[in-house]
Amino acid sequence: MSVRKNMENTAIWQVYEQETPNSITRFDQEQNVRLEEELRLDHLCWLKEAFANHMPLEGGEEGQDVGLARFHRKEPKRQPGSMTLREFQEALTDMLGSEKWTSQMELLFNKVDTSCDGYVDWDEFCTYMLLQYKERDFVSTRRETFLGTQPLIRLCLHNKQEVTTRILAVPSPPPLRFVSVSKASTLTVWDSDLRIQKSYEIASESNDFRSGRRRFKTWTTDAVYMPNVNKVAVATTSRDIHFFDVSTTNCFEEFHLFAINNVPNSLCYWCNTKSPASPSLLLWGDDVGGVNLMWFLKPHTGMFETPFTEEQGPQKVFIQDIKDHNRLITYQIIPHVHQEPISKIMYLPMGDLIITSSGSTSTSVVIMDLNRKNKVYTWKIHKGVTCFDFSKPLNLLVTGGMDHKVRLWNQYVTSQPIVVLHEHSMIVQDVAIYEPLGQIFSYSKDAVLKVWDISSQQCLRTLVLKFPCVQAGRVLEYGDFPFLLLKEPPCALLVSCGDYIGMLKLEQGGNGQDMLFTHSAKLSTAIYNPFFRQVVTGCDDSTVAVWDVETGTKCLQLNNVHGQEEITCMSFDTTQRRLITGARNGTIKVWNVQNGHNLHKLEPVAEAEVTRVLCYQDHKFLAVGWSHQLALYNTTDRRNTYVVADLSWRGGQLHKEDILAADSCPVLELLATASYDGEIIVWNTETQQVLTYLKRSRDRQVQPPVDKLLFLQRRAADTMWNNKPILISSEAGALYWWRVSGSPYEQDPLLPSESKKADNFTIPSVSSLESSHSVTQETPDSNDKLLKSHLGVQVEQGLARKMAARQERRCVFGEIDDNKLIRFGNMCTPFQALATPDMLEVQLLSALPMSSWMLSRGLACVRESDLETLPLSRQDLECEYGEESARAKGKSRLFWK
């Protein structure tokens, strides 16, 4: 009966028919130029003719690449029109007329060879190229960023025809509100649809008509939202900062910090969102290039000391009296960071980094740590910088300047940018990085908004914002910070121009196929493919992703790999071309890692989790899991999609609990499996028989399970591996080393340290280990009849199996000579006695040579019997040395007398 008929008659195969079909998503694999991208139509016509006219030579297998031949030991019969790797390389070299692409030819051959037989033909090449062209079309398709073509535009009537300096988002308390701050010191509150709710004008001494002093106009320089205390800080040219409470719908000024040494030009605020009561930081850059830092130590207790007073209005805080608030505040100044006024400041908590910019050519952008102990990175850009943005996940710095250019920089490379974007025709007012779509927004003084793709470094869209103030021949006025980018839902970009505000709704990037995140669920497993230099990851929602290590881009994504079941394990075969995945419901599948095709479906042993899949031999896989069984699968016949499980393991299914871990050592032909009860069994893969049992003492009431096994492959390849531990097991947070040859030997475990840092580990001494860490050594019990009557047949069979294994080990070691133990004068183990060579009787020469010391003493010895008369023992020598010392002391006394 065929495999297909068996599949139809077995209910266990229905799990494959009922699961959700899988789907494949391809991504741009490399950002650099690839060989297949250089092939034109005339190249394809030339290759088609080359494949059609190619005839394999007699014994053509000899010309196949040696490195590839190790993966294909049994080569199928070659067909006309098929090429080996060497023939494929020669054909491409002749076609291109250059060896420039030699390094990529082997990689292209391996991608085209989806059947993994060591040959490629024209049909396989065409299939691969069609997939690449489809992928290129998908990548080049323009992704919509905005949900509309034009922004929602509103006029701020309370600005008094002055520009909007800054727009802030206030999410707490809900619903979402926006606060715009005008240059004329007016705060306007908007709802989420840009409808004005109320406004508030900042009072200053320059506007106080009751004072007889000369009055000056005060301009607002910047504003920032303080989320942990629900306040808005507004800086002005009067060298002061106003703090407004926005915790309710009624906005009012609470504190007024005045008489600051210099004008604060730009503000930045940071707080720990996970711990709002922890210290927070307010930074500002001033008009002389200095950086000011004000730490609020107890923001929930109070920002400043509030003495009792009957005065109405905000509490005034004189900067010179800041020391009176040292219980709540610390203040620090870093002078002369820039030679010109600081245009923007940003704080990065990871590394305590401060990023500042200015219009100076010598200090355009500066990145320094808070304490200025590490290296300071300084960018020197022609005409300085008007704006910048930084993304830590992308490690990307974007700057815009007076020269109409947008530059992309690496955080640690100041000498030259990654790329320069030239399409703006006027000064760049602001830039912003939008990570969800991998894009950059730039805004120039002519009200032109451009969208750039970070990966391709191309302009995706140019949008001319049609504000009513945009008129021919009229110079537009802008605030210093026209952008507000909301990266959290509802995602939006707010842009200001004069006294107008526009809002563009953004695509969130979470539902489209162009999403560049790894998975939408938790990762469950990850493995590395050294042949293709790729990393394959799997997750709980049955998704597998293939990543290129060199570029970090996603090459392939497989959805619904096992329906909706969680992926529990993954592995590669010996050729590194086939991926084997196991799921929680017991299903196992084999995939082509390059094109995502499902090659085989392996029979589930039970509806139980598969914990490990190993490449047992060529085209054979071994699977273990919660079924307690070792299952073999033979995939030699590529035509069989469904492969039946072989449970006839010659050593028997010995595990009584769930098998949680397994690993193999091909060099020594060893296989180790471990179960939930802490038992480790080492097998011989050739005979499928038990080599040894490894288990810690049974004296412990709770035996921790073994959750991981690892063979040290390089140590196993050493000729002296017999004397070294080659197997490591992980049990309850401790690592144990095992020697599998001779007697089972367990080395000291690697235990977590008792120090506070959980990532530090120490190896304790032998004296600090409990006696239960030793290996269990079973000895035959004299009361066999009692055991048989009380323990049952299952335990009786286990004892008999262990006794047989013990007899087998004794046959390997042979007979032990007990006389060896007597010769040493102390006890040692029988296995140490085996390693000790026999003592040999040494016959001395009849005429023994005399040393110079013996001749100086007048000693003579010719026969062996005369040795007894010579003063060669330790006591004789000590006596002689004592007599010489006494004579020397007597002579010294006579001399002094």
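Start at 1 and count along the chain as shown; that gives each residue its number.
Cβ atoms here come from the backbone N, Cα and C positions, even for glycine.
Sequence annotations record features per position, and here TrEMBL assigns domain 'EF-hand' to 100-135. Confidence annotation: the domain 'EF-hand' (100-135) carries a mean pLDDT of 80 in the model.
The repeat 'WD' feature in TrEMBL is assigned to 385-410 (among others).
The feature repeat 'WD' is assigned by TrEMBL to 421-462 (among others).
With DSSP classes pooled into helix, strand and coil, the tally for the repeat 'WD' (516-557) is 0 helix, 22 strand, 20 coil. Summarising the annotation, TrEMBL assigns repeat 'WD' to 516-557 (among others).
Among the features that TrEMBL reports, repeat 'WD' is placed at 567-601 (among others). Residues 15-16, 19, 22, 24, 71-72, 110-111, 114, 116, 128, 131, 524-527, 529-532, 534, 536, 538-540, 542-544, 546, 556, 558, 561, 607-615, 618-619, 621, 623, 625, 627, 633, 635, 638, 640-643 of the same chain, all 6+ positions outside the repeat 'WD' (567-601), place their C-beta atoms under 8 angstroms from a C-beta of that stretch.
Sorting the repeat 'WD' (652-693) by DSSP state (H, G, I as helix; E, B as strand; all else coil) yields 0 helix, 23 strand, 19 coil. Per TrEMBL, repeat 'WD' is recorded for 652-693 (among others).
In the repeat 'WD' (567-601), the DSSP tally of helix, strand and coil residues is 0 helix, 21 strand, 14 coil. According to DSSP, the domain 'EF-hand' (100-135) comprises 25 helix, 1 strand, 10 coil.
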